[in-house]
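All remarks here apply to the structure that follows.
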């Protein structure tokens, strides 16, 4: 029961923050859902940090499964790319895919390195 509560609390916070960031960021670029990219890249950086530190099981449930699970959004990313492809805006779709995948990998690695440096004072 406690595990479900931890996941639920994290999920509520993550979903509300994702929604609010989309409301703030998406109007800036009307032809690109910047809010989705922003939350996914932030989520990648944050999960990288969690990989670089030792979290207890309860912390993982709250933050990784709950918060990051609802904060990041693969389904919105997929929907946005699909809309570009179906409207024959292939280059925009490819740009969104590239930004999410390359940016996500780079920020996950950066998060790991930052956490390792924070914990041990070294990047390895």
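From the backbone N, Cα and C atoms, a Cβ is placed for every residue, glycine too.
Per Swiss-Prot, the feature Na(+) binding site maps to 69, 72; the stated evidence is sequence analysis. Cβ neighbours within 10 Å of residue 69 (Na(+) binding site), excluding its own Cβ and spanning all shown chains: 18.
The transmembrane segment annotation in Swiss-Prot covers 5-25 (among others).
Tertiary neighbourhood of the transmembrane segment (32-52): same-chain residues 17-18, 21-26, 60, 63-64, 68, 71-74, 76-77, 80, 92, 96, 99-100, 103-105, 107-116, 118-119, selected by CB-CB distance under 8 Å and a gap of 6+ residues from either end. Under the heading transmembrane segment, Swiss-Prot lists 32-52 (among others), citing sequence analysis as support.
Positions annotated as transmembrane segment by Swiss-Prot, on the basis of sequence analysis: 61-81 (among others). Listed as Cβ neighbours of the transmembrane segment (61-81) (distance under 8 Å, sequence separation of 6 or more from its ends, same chain) are residues 3, 6-15, 17-18, 33, 36, 39-40, 42-44, 46-47, 50, 55, 93, 96-97, 100.
What Swiss-Prot lists as transmembrane segment is 94-114 (among others), and the listing cites sequence analysis. Residues 32, 37, 40-42, 44-52, 77, 80-81, 84, 123 of the same chain sit 6 or more residues outside the transmembrane segment (94-114) yet have a Cβ under 8 Å from a Cβ within it.
Residue 69 (Na(+) binding site) carries a helical DSSP state (H, G or I). With a 10 A radius on its CB, residue 72 (Na(+) binding site) counts 21 other CB atoms from all the protein chains.
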